[in-house]
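A.B. asks: Take this structure, written in structure tokens, and hold onto it; I'll ask about it next.
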Amino acid sequence: MSNIPRGSIASDDSQAPLIPDAPRKVMPSWSIHILSIALCLSSGFQQGYIASVLNQPYAQIEQFINSSWIERTGHPISDSTLHLLWSLLNVCFPIATIFGQFLAGWMCSQFGRKYTALIASFLYIPGAILCAAAKWCFPAFELLFVGRIIWSLANGVNTVNATVWIVECAPPQIRGRMAAMQEFFMALGSLLTQAVGVPFSTDELWPYNFLPNCAVVLVSMVMFWWVAESPQFIMEKYNDVDRARKALAQYHGVSEDDPSVEAEMRICEQSIGKNKEKKKTAGGIETSHTGMEIMFMPWRAKDQTSRLIRYCAWVGVMVKIAYVFTGARSLRGYSTFILYTLSNFTYAQATWLSFATGLLRLPFTLVPVFLVDRLGRRPLIVVSMLVSFVSLLAMIVAIDIGGEWKYATFIGLTVLLLINTCGIGSVSRFYAAELVPRNLLLSSVSTLTMFEALTKIGVEFAFYPTANVIGAQSLLLFLVPTGIFTLMCYFMCPETSRMTVNEVLNNVAAKKKMDVVFPM
């Protein structure tokens, strides 16, 4: 037995997972393809749809809220109050998402990944119908808020579930590719609502922007019925080794006695052991603190293993927050407003240009699908952050100058959205999950996505009212943090491509000169 302190994956070398001697080319199985598409339709697609569905008909919905107010009170709502209500309607999405992310941990543990996905996906349907029903139940504009909250709550659950499920089931060699598909489907969801928004952004037809989503939900639910439960949950809930092994082999597209299946089964068994008892290594290091203790109680989880995991987990938080501050998520939802109100395009031009940007985003989302495992996560993160900084600076200058420079605003906005689509926007969805051990994965992902949502609430709530007052300078809300986070990502983000979490943690430990070694 080595006297070098070991990490929190295994307590001795005899329990180390069996890794094949040489890397093999892995072909994705039909099962992992179906799972990936179903998760993308229930998570990324819905996120893109919810984020963009208010974008093009924003003027008509604001007018509907004002008309409802007049119907009840006899006088119009003030501009400042209307802007505040519109900001609140937009931030219902990240606020409800936080509660969904907290709920996800409990649901995944109680019902499993499969039934959690089915329950949460079903909730999308009443959420979308209530949003549309607001118009037909005039002057009940509150139904917009209620429907958006239900819709967003379900998306919060599915966001966590999708990340955890794909990491637990996809082979490491193609895990990044499968996870990166979320960005493609988010662009697809955004594009669908923008395509619908072009003809339906009228005073009478805007409710129909919400309804096409229901058909997509039904397709994803049918697909979930055809896939196996997560092997990790099978082991945790039923301790059924044969069933878990069969599910894992199905997802990996190999036989049940394949070395890759054996390696993953060892990780499942070890993570379950870590959740049930505390173990100490020969070096006397406590190795099984809970995820919350490691993340938020450094005075308790102060051994080197916990310090290493905490560092990596907070790097994951940083990347998620950095993406929010590029402005890509917020400005995508306000693209029509930026082009129409701030840049002085006509309303028809603004809606069509927003649609054109959404159309361009679609092929760009395929870049990380093919390159994220070849180029690596780190280059995509750093380069996209740098280009985002330049794009935001160009937009501020173009909006301030005005006139024909409005086309420079459109170019800057388009570049910002496209570079994030194939960079940090895609990688941030799964990067944090590649930095923490399997036994802490579910709790860590729930916590990390919560921080992202909190940041998104503050940014989106502040931007719209501020932009109506000070115009282009409101983009400094994104420009300054993007510059800071670009440097932080360059110096702090480790590479995770084609590596197990143990390899990533060992590389970080070596770089930081920490006396911790995780079994390979």
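Each residue, glycine too, has its Cβ placed from N, Cα and C.
Keep in mind that what you see is a predicted model, and the values were worked out from it rather than measured.
Below are the features I grabbed from TrEMBL:
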DOMAIN    36-497  domain 'Major facilitator superfamily (MFS) profile'
TRANSMEM  84-103  transmembrane segment
TRANSMEM  115-136  transmembrane segment
TRANSMEM  148-167  transmembrane segment
TRANSMEM  210-228  transmembrane segment
TRANSMEM  308-331  transmembrane segment
TRANSMEM  351-372  transmembrane segment
TRANSMEM  379-401  transmembrane segment
TRANSMEM  407-428  transmembrane segment
TRANSMEM  440-464  transmembrane segment
TRANSMEM  470-493  transmembrane segment
A.B. asks: Counting CB pairs under 8 Å, which listed stretch among 210-228, 308-331, 351-372 touches the transmembrane segment (379-401) the most?
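C.D. replies: Stretch with the highest Cβ contact count: 308-331.
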A.B. asks: State, in range form, which of 115-136, 148-167, 351-372, 407-428, 470-493 has the highest count of Cβ pairs under 8 Å to the transmembrane segment (84-103).
C.D. replies: 148-167
A.B. asks: Among 115-136, 148-167, 308-331, 351-372, 407-428, which stretch has the most Cβ pairs under 8 Å to the transmembrane segment (470-493)?
C.D. replies: 308-331
A.B. asks: Within the domain 'Major facilitator superfamily (MFS) profile' (36-497) only, compute the mean pLDDT.
C.D. replies: 87
